[in-house]
Each structure stands twice: as C-alpha cells, then as structure tokens.
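Report on the structure given below.
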Amino acid sequence: MTESRTVYNDKESKQISDQEGRRDHDTLGPGNKELNDTNHSPDAEAQADTHPSQQLKESPPPPPNGGYGWVCTVCCALINGHTWGLNSSYGVFLAYYLANNVFPGASALEYAFVGSLSISCALLVSPVATWTTRVYGTKTTLFIGIAFETASLIGASFAWAIWQLFLSQGICFGIGMGFLFVGSVGIVPQWFTTKRSLANGFATSGSGLGGLVYSLAAGAMIKTIGLAWAFRVLGIVALAVNSICAILLKDRNKIIGASQLAFDVKLFKRPEYVLLNMYGFFSLLAYVVLIFSLANYARTVGLSASQASVISALFNLGQALGRPPIGYFSDSIGRINMAGLMTFCSGLFALVIWVFARSYGVLIFYAILGGTVAGTFWATVAPVTVEVVGLKHVSSALNLVWLFIVLPSTFSEPIALEIVAGTGSYLGTQLFTGFMYIAAAMCMLLLRGWKIGELDELARLKGESVDQIDAVGTETKENDAMAKAAGRRSIVKNCLKWRKV
C-alpha cells in the first residue's frame, strides 16, 4: 500500500483518493510500482503493451488451494502407503528372519542392512528420478518406480540366499520406492497455499496406514500362505494401486516454473539450508531404528510373533493418526514451530516411555503415542523446505535432502543392532534414539531463529507488519537476499522468541 502511493507526486496525490489508490494497487498486482511509473513517462504507451505480459510470465498464477489438488493428495497418500508403508512392514519380516533362520548363515547385521538398503537406495536414486522427471515427465518416473518395486517383491519370493534378498527386497525395492517417492513428493505442495501443511499431512499419513495394513497382513500371510506367496501378493497389490495413482496424478511443474536441477549445490552455501539437512540427518538416525526395531524389541521382552506384528502395526497406525493433525496445526502455529516441537516430543517419549516398556500394554501405549510424532520429518519436510528456499527451488532442495540422509538411513538400524549385541540390551539403542530426536529438534530451534529474522527484515524493507509478509518468499531477489542475510545474523538471538513461523 505504501509503495503504490509513493509513485505519485504531491499534486496528483491530492486528486486521487486512498480508495482509488488501493484499487489500482490491487488491480496491478506484484510489481505495480514499475507499471505506475510508466504512466508518467514519455513512452508510457509502448511500455504498457509489454510490462503486463512480462509480469504474467514472471508471476505464475497462485495455487488453487484445493480442487483437483485433493485428488492428487489421495493419490500421493496411496503411493506412500504402497512404498514407505510396505517398507515399514519389514520390521515384521526382520523378526521372522531372526526367529526362524530363514537364510542359513545370515547374521542379524546382514538382515538389518536389507531394510536399511531399501531406504538408502530410495534416496540415492533421487538425482536420476529428478532427471527423468525433468526430461520425460512425472508419469514416466512413476511407472519406472512401479516396475522396479513389482520386480523386487516378485523376485524376493524366489530368494534362497541372503545376497538375493539384498538385491531384491533391499536394492531393487529401494530403487522403485525412490522413483515413486521423488516423482510424487513435490506435487501436493504445488496445489495448496494456506492448506499446504494439512494436505501434506494427509499425503504422508498414507505411509502410516500402509504400514498398519501391511504389518498385519504380512504377519498373517507369512503364517497362512508362506513367505514366498506373501511377497507375490504384496507385489500384485502394489502394482495395481500404484498404477492407478500414477495415471491420476497431475503436477504443476510447468505452471510454476519449477527448478528440476538434480545437484543445485549452491543451496549448501545457505546456513539455513544446512540446518534443514541436519534436522533430517538426526531425525532419520532415530526414525529408522523405531520402524525396524520395535517388533524385534517386542520379541526380546518375551512377546509372541503375532504380538510383535501388532506392535509394529500400531506404531504405523500412530503415524497415520498423527500426521494430519501435525499438518493442520502447522498451518495454524507455524510449520517450523510444529516440526521442532513434535520432534522434541518424539525424543521425550522414547526416553521416558520406551525405555521402561517391558509389557505388552505399555508397548502398545508407546507404539501409538510415539508413532503419532515419530515421522514428523516426513510430514513437515516439504512445507518447511518451501519456506526455506521458496516454491521454485523446492524440488532441487528436497533432492539434496534425500541424498544428505542416505548415510543415517543406511547405518541407523545396523548401529542399533550392534549396540544391542555389544551391551546385551536395548537400553543403549533407546537412549540413542531419544537423543537423536532431540538433536534434530535443536536444529529446528535454530532454523526458526533464522526465519524470524528473515521475516522481520522483509517487513522493515517493505514498511509493513510481519503478518502481511508471505512466509514462503515471493519478494524481489534483492529484498529476498537481504532478508535471508539478516536472518542468518540473528539466528541465536531470535530462536527463543515466540512467533508463528
């Protein structure tokens, strides 16, 4: 409002009411200062023909904040259920492998690496998946993932040695999951503004629901139809559901001019982006332990195989129940605030509940309560990344995040089992899990200090209140760079201030 008024001289401002000025400001939209200046220049008519079209090209239309976006949200939820959800059921497979010596000569560490490889390979293929999305489109990327995932589950049904399980249930499944995940993860934020975190919460809750269903289903199928046919049934179901979702999904990459660079390493020059990556690093060190170890922990305290599968399933139910509220309240109290608070709760619950869980009832309580916040990283990473780097660069930024968390995804569960083997109990693993979550929360605390400083500087530059500033950054390049730099200088000073960020 202030900017629109300053383009008129004193004489003109007396002739034009505030109401007319406000209407002109709203009609002209972003960049109105330049357009109004042209009205008083000698070549105003010539410039008037070019500037509006340039503005339309530079400023993409706002997301519909719903509509077909909800169809895409459901599709992404189902894809998450048949990738990450299926992968979460590996805790049931792991407990079965360890209890029955399915592959003679295989150690507990080797079994742990099978599950870890599926996650790390999913993240490692992100540059390739990003490239195929840029060159061939989203649907091609999704169908490549479907082919790999189906082949992995069918191939695992014929495995008779541990190295074959590495290739099928580990590497091949991870590649398929990676293509499906990278191809779909950036779509939901493109369709929403004020409801972005809520929609993302619903989409990521699919992995929890999938984990719930397939943890119970895998345990039942292994018991009734055997390990081989359990794999085959899972492969056929995943093929059908993922194919339908891939057909229905629509991205808005061309509309928003999304950057699809696989290695935009210049982002690492930004301290705030490094903090985001460290948040993911510590979160994954803890999260992978929980999704793969809870079922085996249940067996070590004397529970049966069916009870262990129920614990794993209820943990995934907790994730499904927890992620939509995390998304909903993220839009209300701030996405960075919610990410840090819920991650801290994850560590707290591990330290004060899981450490003392020795009975079936207490483990059920922890599985549900801990599950609601354990996957906070996955529910918040996309909308938080948008606020850190902006909507245009979110795909490239997320791509580097996936690569950054390959190491914790690969070695988290092996570290956990080695701690158990070295100490003879799960206490060290439980403490490790809790403290890693708390370290991740501290990274979010520092990141919110940066965001508060950035918003304060933007408000100062524009002469507006902080509430009027767009949190995801649609300012001019000059203002945006100055605000980010100001935020970096005030990270520590602002991190404890209360503000919706």
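Heads up, residue numbers simply count up from 1 along the chain you see.
Positions of Cβ are set from backbone N, Cα and C atoms, glycine also.
Residues or ranges marked as compositional bias 'Basic and acidic residues' by TrEMBL: 8-27 (among others).
What TrEMBL records for 34-43 (among others) is compositional bias 'Basic and acidic residues'.
Marked as domain 'Major facilitator superfamily (MFS) profile' by TrEMBL: 272-501.
What TrEMBL lists as region 'Disordered' is 1-63.
Residues or ranges marked as transmembrane segment in TrEMBL: 111-130 (among others).
Look at TrEMBL and you will find 142-162 (among others) tagged as transmembrane segment.
Residues 69, 72-73, 75-76, 79-80, 83-84, 87, 90, 93, 113-115, 117-126, 128-130, 132-133, 138, 141-142, 144-153, 155-156, 159, 196, 199-200, 203, 242, 245, 249-252, 258, 382-383, 386, 391, 394-395, 398-399, 402 of the same chain, all 6+ positions outside the transmembrane segment (168-189), place their C-beta atoms under 8 angstroms from a C-beta of that stretch. Per TrEMBL, the feature transmembrane segment maps to 168-189 (among others).
Taken from TrEMBL, the feature transmembrane segment covers 201-222 (among others).
If you look up TrEMBL, you'll see 228-249 (among others) marked as transmembrane segment.
Residues or ranges marked as transmembrane segment in TrEMBL: 273-295 (among others). Long-range contacts of the transmembrane segment (273-295) within the same chain: residues 88, 90-92, 94-95, 112, 115-116, 119, 211, 215, 267, 308-309, 311-312, 315-316, 339, 343, 346-347, 350, 363, 367, 370, 374-377, 381, 384-385, 388-389, 397, 400-401, 404-405, 407-409, 412-413, 415-417, 426, 429, 432-434, 436-437, 439-440, 443-444, 446-447, 450, each at least 6 residues beyond the stretch ends and with a Cβ under 8 Å from a Cβ of the stretch.
If one looks beyond the transmembrane segment (339-357) by at least 6 residues along the same chain, the residues whose Cβ comes under 8 Å of a Cβ in the stretch are 279, 283, 286, 290, 301, 322, 326, 330, 363, 365-366, 369-370, 373-374, 376-377, 380, 384, 427, 430-431, 433-438, 440-441, 444-445, 447-448. Taken from TrEMBL, the feature transmembrane segment applies to 339-357 (among others).
Here the transmembrane segment (363-382) has long-range neighbours at 84, 185-186, 188-189, 197, 200-201, 204-205, 207-208, 276, 279-280, 283-284, 286-287, 290-291, 294, 297-298, 301, 303, 310-312, 314-319, 321-323, 325-327, 330, 335, 338-339, 342-343, 345-346, 349-350, 353-354, 357, 394, 398, 401, 440, meaning same-chain residues at least 6 beyond its ends whose C-beta is under 8 angstroms from one of its own. The transmembrane segment annotation in TrEMBL covers 363-382 (among others).
Residues annotated as transmembrane segment in TrEMBL: 394-411 (among others).
Remote same-chain partners of the transmembrane segment (431-450), defined as residues 6 or more beyond its termini with a Cβ less than 8 Å from a stretch Cβ, comprise 271-272, 275-276, 278-283, 285-286, 289-290, 334, 336-337, 339-341, 343-344, 346-348, 350-351, 354-355, 377, 384, 388, 415-416, 419, 487-488, 490-497, 499, 501. Annotation comment: TrEMBL describes 431-450 (among others) as transmembrane segment.
Outside the transmembrane segment (142-162), and at least 6 residues removed from its termini, the chain residues within Cβ reach (under 8 Å) are 79, 82-83, 103, 105-106, 110-111, 114, 129, 132, 168-169, 172-173, 175-181, 183-184, 227-232, 234-236, 238-239, 242-243, 245-246, 249.
Ranked by number of Cβ pairs under 8 Å to the transmembrane segment (394-411), the listed stretches 111-130, 201-222, 228-249 are led by 111-130. The average pLDDT the prediction assigns to the domain 'Major facilitator superfamily (MFS) profile' (272-501) is 88. Within its own chain, the transmembrane segment (111-130) is flanked in space by residues 83, 87, 90-91, 94, 97-98, 141, 144-145, 162, 165-166, 169-171, 173-175, 177-179, 181-183, 260-263, 288, 292, 395-396, 399, 402-403, 405-407, 409-414, 416-417, which lie at least six positions past its ends and keep a Cβ under 8 Å from the stretch.
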